[in-house]
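J.: What follows is a single structure, and I will ask about it in a moment.
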Amino acid sequence: MPKYRSATTTHGRNMAGARALWRATGMTDDDFGKPIIAVVNSFTQFVPGHVHLRDLGKLVAEQIEASGGVAKEFNTIAVDDGIAMGHGGMLYSLPSRELIADSVEYMVNAHCADAMVCISNCDKITPGMLMASLRLNIPVIFVSGGPMEAGKTKLSNQIIKLDLIDAMIQGANPNVSDADSEQIERSACPTCGSCSGMFTANSMNCLTEALGLSQPANGSLLATHADRRDLFLNAGTRIVGLAKRYYEQDDASVLPRNIANKAAFENAMILDIAMGGSTNTVLHLLAAAQEGEIDFTMSDIDRLSRKVPHLCKVAPSGQKYHMEDVHRAGGVIGILGELDRAGLLNREVNNVLGKTLPETLEAYDVMLTKDESVKRMYSAGPAGIRTTKAFSQDCRWDSLDTDRQEGCIRSREYAYSQDGGLAVLYGNIAVDGCIVKTAGVDKESLIFRGPAKVYESQDDAVEAILGGKVVAGDVVVIRYEGPKGGPGMQEMLYPTTYLKSMGLGKSCALITDGRFSGGTSGLSIGHASPEAASGGIIGLVQDGDMIAIDIPSRSIVLDVAENELASRRETELARGDAAWTPHNRERQVSFALRAYAILATSADKGAVRDKSKLGG
């Protein structure tokens, strides 16, 4: 029978000092022996996805206490990728994932907590907490802050849906008036919550459902809706039950590594491909798998991407649907239901509800359930009122979207495409693979060939795009922006956005060893591995080199002879200590980022730390 971890600090005369300090936090004799649950919050006023979380930790804590546990809350940092975008702040985004994972480990292990409720939401916070959960392997439930309502505005006498990406595109479009640009900007992000499309934050929150570590509707129920309160209350109750099952009944099935096992990781990736999730999810799933010592690699992602159809097309891949529409159609469970009926899921998996996948689908799939309370939950809709407060409205759709032919979520028979929303490409420019969000690529661009325009920083690429130096047919190559070379693997949202602003979104390709925002669409290929700073061939590309991209064949090739590449490599190595660094780039890099770069691996490994350098 496993012993409560917290007993280390609450039992025995030698722990009198620790108990004295626990008493100073409000604990009493009756509390010693109860499970101590860490409530891991990520409230901050910097991030709209987290601005409403201040009191939600208390909500969970009160429910934990009422259910027989002891709740202790602490906070992690949270970086807003949208605000950090387009300047030096973006260098800190991906490294913050490791800091979040470490800070959770530090707090939980230092104080011997028995279990966790992780209150996450945005881009690096959910992945960081997920990495920590699998590293620590103690009972955990994720409950996110929820998605933002989609923005809406009236242009040309027509009501249109908006999100952050629309504001960015139109803000840089010289053909859009100042008045229209300002109207879009003011309307794009109307409420608290994670940005309203299938961007990285919402993608990751959806994947926690497929991994079995969060409750149904976690990924899709709006941040503003009153129904979301129940997710927090239920998380507080359920985590005490999970802790007692493990520590008092020796039931290891409730541990995250046994719930989020390889079969669950495959299901999460299948969901991601089917819903055209952010390419960043690949990076984060690979990282989380390594933390959990789960054998899940790029090869698995490549294998799965070849058989999974695209069942749910959401912004930024199209503007008709946002997360509020996914929820109306049944949310993540609705997509999983269609994937299950297509025979694509591993069914022998469990979740924090204590249910198998078939049991969960029977109870929560809107196409199967007879439970009116479940249908009511999925009818939760937007209010269209600007607010930063959670649970502030109770609006309902008049009906659910159960149209699996032409609705938001499709059956396999009526899929948006039989080829899924993400693909892994291989070739000499990315020997270890690279990622493209096929959900956002026009059919006419699936096969593309063009001359390279090479830039060694995002800033130089943006200047060239806005300056008219990039023309239709070009392949923009941005290198030395990987985990080690950036350092920090910046998102290339501004270059892809400005290509659209300049009318080049469908006539150019972009390849980088950096990564993309979940808001990116178009022929945007990221995570090229090995990265330039690790000696990858992307570091040898020259202006004018022809690059051939064939997504159906999963290939990407730099059309340069092997002997010429060998000659270029010798020239690069002759630079000595300067080899595999930018030839002409001025960038201030802090010691914190340099420390990150020393241990960073390329994207095909999830950009995690190189354990071999630490003796691991």
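Backbone N, Cα and C atoms are what each Cβ position is placed from, and that goes for glycine too.
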J.: With Asp123, Lys124, Glu491 listed by Swiss-Prot as Mg(2+)-binding, which of these, Asp81, Asp163, Asp166, Asp459, is given for the same site?
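T.: The record-listed residue among the candidates is Asp81.
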J.: Which is it, of Cys122, Cys195: the one of these binding-site residues whose Cβ has the most other Cβ atoms within 10 Å?
T.: Cys195
J.: In angstrom units, rounded to an integer, how far apart are the Cα atoms of Lys124 (Mg(2+) binding site) and Cys195 ([2Fe-2S] cluster binding site)?
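T.: Taking the Cα atoms only, Lys124 (Mg(2+) binding site) lies 14 Å from Cys195 ([2Fe-2S] cluster binding site).
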J.: In sequence order, what residues of the same chain, 6+ apart, have a Cβ less than 8 Å from the Cβ of Glu491 (Mg(2+) binding site)?
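T.: Correct list: Asp81, Met85, Met90, Ser93, Asn280, Gly514, Arg515, Phe516, Ser517, Thr520.
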J.: If you draw a 10 Å sphere on the Cβ of Lys124 (Mg(2+) binding site), how many other Cβ atoms land inside?
T.: 30
J.: Within 8 Å of the centroid of the Cβ atoms of Asp81, Asp123, Lys124, Glu491, which other residues of that chain place their own Cβ, given that this set defines the recorded Mg(2+) site?
T.: Val79, Ala84, Met90, Ser93, Leu94, Cys122, Thr200, Ala201, Asn280, Ser517
J.: For Glu491 (Mg(2+) binding site), just give me the three-state DSSP call.
T.: strand
